[in-house]
Amino acid sequence: TLTAPAPFADETSCQCQAPHEKLTIAQARLGTPVDRPVRVYADGIFDLFHAGHARALMQAKTLFPNCYLLVGVCSDDLTHKFKGFTVMNETERYEALRHCRYVDEVIRDAPWTLTPEFLEKHKIDFVAHDDIPYSSAGSDDVYKHIKEAGMFVPTQRTEGISTSDIITRIVRDYDVYARRNLQRGYTAKELNVSFINEKRYRFQNQVDKMKEKVKNVEEKSKEFVYKVEEKSHDLIQKWEEKSREFIGNFLELFGPDGAWKQMFQERSGRMLQAFSPRQSPNSSPTRGRSPSRSPSPPWVINKTSPPSSPKAASASLSSMSEGDEDEK
């Protein structure tokens, strides 16, 4: 397990104790010699250290079964002279390489062209790099003599990413990054931004903030409307359930066979009985009467034979009273 960064070559002694014998690539792939690792060297600028750099170093580290990887990093002066200005300075680039897991040792201020003295000093067996010819320092290919000596082992480039690609993105989106850094507290002088551009960037930042607030309000409004619609749906569903329940109860009470109709019919029957009671039967018993005569009220006077004298009148009155007593 790695617990410390890779050491610098000028701060440690060479780890190769056995006599340095020249190896062929075939011998190295077989795992010989057995008494020491195969020392592989990879060099570069390594500006804006990215995944493409790491993959190239991984390939160099895994070229042979037992491999010790040395990485040379060119200084700022040498890089600016032959290649151009860098984003990271040499100290930052050295430190980036020290913390890559595939690197065993970092060589600072590496030469642009590898000399036999440099190869002998660091006991380098093979040089690993991509196979694209690098024309620089008056040569069509700075690795030409390494290839002729049989010490060159090619690696594959990672397509889609490079230091130049990253710088191109920054240049293309320069306004975005300048505005972002102004917003984070960098001054226009630090960003090399003119006064007019600074004001324009700050105004644009304010506009973006306002757009963000409007966007947040819209999102919250949509969320609120969604919640209202969800609650409205629930309320409508509950209302429909209550409506069906109400209609069912109404039909049960007032429908064709409902309870109200039955109750109304019962009350109507009772009222009809109250208004038109049943007649008594004709064969009801009567008191026995004398068939010979019918009673006549006492005040009825027989007009056919008026009394001729007071004595006759009194006699008729007494006979009437006797007839009444007999009837009683």
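For all residues, glycine too, the Cβ spot is worked out from N, Cα and C.
Just so it is clear, the model here is predicted, and its values are computed rather than measured.
Among the features that TrEMBL reports, compositional bias 'Low complexity' is placed at 280-293 (among others).
Taken from TrEMBL, the feature compositional bias 'Low complexity' applies to 310-321 (among others).
Under the heading domain 'Cytidyltransferase-like', TrEMBL lists 41-169. The helix, strand and coil residue counts that DSSP assigns across the domain 'Cytidyltransferase-like' (41-169) are 45 helix, 26 strand, 58 coil.
Residues or ranges marked as region 'Disordered' by TrEMBL: 274-328.
In the predicted structure, the domain 'Cytidyltransferase-like' (41-169) carries a mean pLDDT of 93.
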